[in-house]
Amino acid sequence: MDENHRNPFANASTSARASGSTSASSNSSFSSSVADTDDDQTIARILAEDESLRREGKLGKRLSHLDSIPHTPRVNREIPDINDATLDHELLSGRLATYGLAELQMEGDGNCQFRALADQLFRNADYHKHVRKHVVKQLKQQRKLYEEYVPMKYRHYTRKMKKHGEWGDHVTLQAAADRFEAKICLVTSFRDQSYIEILPHNKNPLREAWLSFWSEVHYNSLYANGVLALPDVPTRKPRRKHWLF
């Protein structure tokens, strides 16, 4: 694996200089390249300059006693019926209360996983489309890492994941962990799996992202109780949900 793939943001400025010295095949492709480079530079700048985004591992210390199960990437399973979903939601709510955690609600528009990741990484859930774009890039560039977990033609899978509103899964979570060099921590509604850690391949994580995962249906962004009331933490009311809770 080369250096660019290990850290896709480290050479953002180098990529910008290279794109300026290479003639584009068309105006549209050149514009697309510039836009991609601008996105990369923005992401790199946000991650580098705002140490508060990492929250100094406070949630990690709070839940350090929990045992995490080994993570195996997978696509989404069958969605539960409303009765099972209700029970799962109650179980998740109880766990969050026990751990002293609160959810920042994400819109249920099919982008909730990417919104939650964007909120954790950039404190802006509206940056979800850029998170999705980089996750899809990771899936394409490092196909060998993920292909065995996808039970369909891989090109079809990546084309599907590129679309706005397509639900993320545990394969995209692994790709996000790898792309952003992050440990992704899930507090779940699973009866036998309350906590899952997703670590980047062959590298130490530089940051953490804490998400709640409810019943194969929905992801939210997690904070310690009381943090969401602070003035520097964004709050939002989701416009749409998949479930009436």
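Every residue gets a Cβ built from N, Cα and C, even glycine.
Per Swiss-Prot, the range carrying the annotation region 'Disordered' out of 1-37, 75-111 is 1-37. Cβ-based neighbour count (10 Å, all protein chains) for HIS218 (active site) stands at 26. The Cβ of CYS112 (active site, nucleophile) has 28 other Cβ atoms within 10 Å, all protein chains considered. Cβ neighbours within 10 Å of ASP109 (active site), excluding its own Cβ and spanning all shown chains: 15. Under the three-state DSSP scheme, CYS112 (active site, nucleophile) falls in the helix class. Cα spacing between HIS218 (active site) and ASP109 (active site): 10 Å, rounded to the nearest whole number.
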